[in-house]
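Q: Take this structure, written in structure tokens, and hold onto it; I'll ask about it next.
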Amino acid sequence: MKIKVLFAALVCAGLMQAPAYAKGDAANGQALATQGDGSGAPCAACHGANGEGMAAGTFPRIAGLDADYALRQMVAFQQGKRVNPAMTMNIDNFNQQQLADLAAYFATLPVAAPAAATASQAQLELGEKLALQGDWDNYLPPCASCHGPNNQGVDGNFPGIAGQHASYLKQQLQAWQQGQRQSDPVQLMEAIAKRLSPEQIDAVAAYLASQPAAPQQ
């Protein structure tokens, strides 16, 4: 119980430090996403025409991503708190309003159905347990405790990770482990990721990728 109370306190501390940014214009964002501004490749070149991403290149799905969260991540790339040369190169000339416009546009895009699972049943079951129940004996809270009951995100504070490409999820968990992501005010994800084994990372990434990214109608 003490572990869960401490975890909740850390989450609240992180939320209080989250900065607020300007609201974007989705129409302007669409033009930037599909055409760029001449200083780099348009978003669609890597993330797909509909923001669906590309699993083979670990380019994430950004369609349907909460606008506030997406904007904070783009700012983090510009500030060097997240490291990806391609991302930084292609958005480093954008001002904050342009970034807000892009985020607003991608938030309006529908998400596709998850790809068919290719992992083994045992791997999916392990991933489901970690995602929904956690492993409190090893100080691992469930993903759902922050990312929502179905891991579909909670406002702009915690992104939807269900329906995200497994290759990208795995890459980012490894980045947290290695201290390559500094966009978390209290390093909560870094602490969690460092407790995950390679097998657990594979399992939770495979399970989350097999789940719907948005509520089913």
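For all residues, glycine too, the Cβ spot is worked out from N, Cα and C.
Relevant sequence annotations retrieved from TrEMBL are reproduced here:
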- C43, C46, H47, M87: heme c 1 binding site (BINDING)
- C143, C146, H147, M189: heme c 2 binding site (BINDING)
- 24-212: domain 'Cytochrome c' (DOMAIN)
- 1-22: signal peptide (SIGNAL)
Q: Hey, how far is C46 (heme c 1 binding site) from C143 (heme c 2 binding site), Cα to Cα, in Å?
A: 27
Q: Excluding C143, C146, H147, M189, please set out which residues of the same chain place their CB within 8 Å of the center of the CB atoms of the heme c 2 site, keeping sequence order.
A: P141, A144, S145, N151, F158, I161, I192
Q: Reported as an integer number of Å, what is the Cα distance between M87 (heme c 1 binding site) and M189 (heme c 2 binding site)?
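A: Counting only the Cα atoms, the answer is 21 Å.
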Q: Reduce the DSSP letter at C43 (heme c 1 binding site) to three states and note it down.
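A: Looking at the DSSP assignment, C43 (heme c 1 binding site) belongs to neither helix nor strand, so coil.
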Q: Any idea what the model's mean pLDDT is for the domain 'Cytochrome c' (24-212)?
A: 95
Q: In whole Å, could you give the widest CA to CA gap in the heme c 2 site formed by C143, C146, H147, M189?
A: 12
Q: Between the Cα atoms of C146 (heme c 2 binding site) and C43 (heme c 1 binding site), what distance do you get, rounded to the nearest Å?
A: 28
Q: Within 8 Å of the centroid of the Cβ atoms of C43, C46, H47, M87, which other residues of that chain place their own Cβ, given that this set defines the recorded heme c 1 site?
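A: Neighbours found: A41, A44, A45, F59, I62, A86, N90.
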Q: Sorry to bug you, but what's the C-alpha spacing from H147 (heme c 2 binding site) to H47 (heme c 1 binding site), rounded to the closest Å?
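A: Here the two Cα atoms lie 22 Å apart.
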Q: List nothing but the largest Cα to Cα distance in Å, as a whole number, among the residues C43, C46, H47, M87 that the record says bind heme c 1.
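A: Those residues reach a largest Cα separation of 11 Å.
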Q: Within 10 Å of the Cβ of C143 (heme c 2 binding site), how many other Cβ atoms can be counted across all chains shown?
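A: Result for C143 (heme c 2 binding site): 23 neighbouring Cβ atoms inside 10 Å.
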Q: Return the residue, from the listed binding-site residues C43, C46, M87, C146, M189, with the maximum count of other C-beta atoms within 10 angstroms of its C-beta.
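A: Buried the deepest by this measure is C43.
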Q: Near H147 (heme c 2 binding site), how many other Cβ atoms are within 10 Å of its Cβ?
A: 20
